[in-house]
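Take a look at the structure below.
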């Protein structure tokens with residue numbers, strides 16, 4: 001595996017490749033990330049991964065400097081997965097001057113759910129993804145469904161900017177007890193780790209109610225949040241949305257069988273977890 005930080009060197013190595021598959025990450029890799037590499041290999045060759053902790057997507061109350069950096073361990077994992085190039089730019093490589101031009105997702109996608117609680121987050125994400133796409137110039141890029149809103153926003157950005165990159169969605173990789181794998185899980189205490197699967201269980205309960213014909217969305221969301229609160233969680237949201245555009249479904253949408261997704265974010269102790277489940 002080649003490790004490259006220079007954009008021009010990266011382009012030289014990839015020139016002439018017909019179907020490069022790309023997986024962007026911020027490092028601190030776990031089995032969920034590695035499953036994205038395997039899916040990428042099914043859709044393209046060579047596979048390029050990136051590791052870059054993107055300052056632009058960190059808010060004023062989110063500690064950029066404390067984000068886990070495990071570069072050498074990440075390198076070993078990517079080598080075992082047969083990744084061809086690891087693109088690992090420094091901030092100076094990727095942002096040689098202040099990034100004055102930013103991508104701004106539409107408000108109805110970027111300022112709801114995660115965007116409401118993390119202002120500017122999706123602008124930071126889409127700006128760095130667009131820049132990474134420009135560097136790698138992939139035919140396909142793989143994003144996990146765990147970050148469902150991010151997936152939708154990146155997919156819409158790629159479509160509206162007519163980027164020659166197909167966005168592939170990867171199913172959420174879960175532990176045996178249902179907890180979605182996340183770099184944040186390392187912050188959970190043993191007791192919190194035992195409790196953490198309750199978030200996915202809550203999503204399943206909501207989904208089962210919808211499938212059984214319960215159409216009062218507000219009541220389902222309210223009850224699910226109250227149940228988590230009683231267990232010691234601090235939920236930011238549990239919200240039922242349309243898969244197509246992440247807008248709240250109308251009664252007509254519900255009656256007509258619109259494809260839905262229930263999304264959640266909640267704090268357990270000091271650790272904020274997110275998850276979702278398609279219905």
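Note: Cβ is positioned from N, Cα and C throughout, glycine not excepted.
Per Swiss-Prot, the features are:
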- 26-33, 144-147, 181-184: ATP binding site (BINDING)
- 33: active site, proton donor (ACT_SITE)
- 57: beta-alanine binding site (BINDING)
- 57, 150: (R)-pantoate binding site (BINDING)
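Feature map: Swiss-Prot annotations on the structure.
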residue	record	contacts (Cβ under 8 Å, 6+ apart)
26	ATP binding site	51, 52, 53, 54, 67, 183
28	ATP binding site	67, 68, 69, 70, 74, 183
32	ATP binding site	144, 146, 172, 173, 180, 181, 182
33	active site, proton donor	23, 25, 77
57	beta-alanine binding site	120, 121, 122, 124, 125, 128
150	(R)-pantoate binding site	114, 122, 125, 143
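All protein chains shown were included, and the count of other CB atoms within 10 Å of the CB of residue 183 (ATP binding site) stands at 17.
Taking each Cβ in turn and tallying the other Cβ atoms within 10 Å, the top scorer among the binding-site residues 30, 146 is 146.
For the recorded site, residue 33 (active site, proton donor), the DSSP three-state label reads helix. According to DSSP, residue 183 (ATP binding site) sits within a helical segment.
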